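Annotation source TrEMBL lists transmembrane segment at 29-48, 60-86, 106-128, 140-163, 183-206, 218-238, 258-281. Residues annotated as domain 'Rhodopsin' in TrEMBL: 45-282.
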Amino acid sequence: MSAMAAAQPPPGVEADLENPVDVLYTVNLVTQGLTLFFIPAFVVVRFLSKYRAAGLAFTLDDYLTGISCLLMIGYSVCGIFLSVYGGGNHIWEVPAENIKPFFQTSYAATIFYAPMALFVKLSLLTIIARVFSPYRKTVYGIYTLAVLLLCYYISQLVVKVRICWPISAYWEGDASKCLDQAAIIMADSITSLISDLVILVLPLPLTWSLQLPKKKKIRVAGMLCVGGLATAFSAWRLHLILTDGKSPDQTIVFTQVVLSGNAEAGIGLICACLPATAALLHQLRGRGST
């Protein structure tokens, strides 16, 4: 007896459960694998640099970065299980028995996203606050943004945990007992886009007035420019929700949303680690030349 598909294909499309079209299946698995390798690697390099320079005297942004990394590992593990249960394939080429675990996994990924995004942003903000500490008004603005983000993401986490009541309605498909998930993700996307823009733009006018060597100024500017990519992925995430949020092909749409989260948070974490990585490379280069 052949397996039943999770949904009927569109008119004129023939579903193939045995050989589904690989839309984002491989892309997702590769992305999650790269995330699980490179993000912890960057964070370890950051900690090694800190250890070599100042013993074990870690600062707040180090702890925030470490927590962000752990949350991103959990998020990426959820991303892998999404593909195990059909994420990246069209929903009409996913076996019906996979849909429940797919939505259970997507629920877990949604829960991971809020604290992950928060801690990445807080890590970047604490670094920026330290770099621009001579400019009190800018630092006050940074701390104000941090408090606003903290309040927002805590409230969003509560909403996401209780997005359906009972929670099992999320993967049982009972929309009458759930909030509008597309609207919640849209609110997340708008907040991420605005906060990423502020994190990117706020320090730019002051970068060249810092009392730093020119090379370090270029590094700071470079870190901010790389952070612009995170802003671009926040915009892409918002575009996805606006155009495809109500699409029945959720095994594709939600995989796209998860990938945008990988890009946004991953780039943010790499930016948080770039100064320490550059410092460690400089130390190693100096040792090699002696």
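Residue numbers in this text run from 1 along the chain shown.
Using N, Cα and C of the backbone, Cβ positions are placed for all residues, glycine too.
Taking every recorded stretch in 29-48, 106-128, 140-163, 183-206 and counting its Cβ pairs under 8 Å to the transmembrane segment (258-281), the highest total belongs to 29-48. Predicted-model confidence for the domain 'Rhodopsin' (45-282) is 87, expressed as mean pLDDT. Listed as Cβ neighbours of the transmembrane segment (140-163) (distance under 8 Å, sequence separation of 6 or more from its ends, same chain) are residues 107, 110-111, 114-115, 117-118, 121-122, 125-126, 128-129, 132, 170, 178-179, 181, 184, 187-188, 191, 195, 198-199, 202. Of the recorded ranges 60-86, 106-128, 183-206, the transmembrane segment (29-48) has the largest number of C-beta contacts under 8 angstroms with 60-86.
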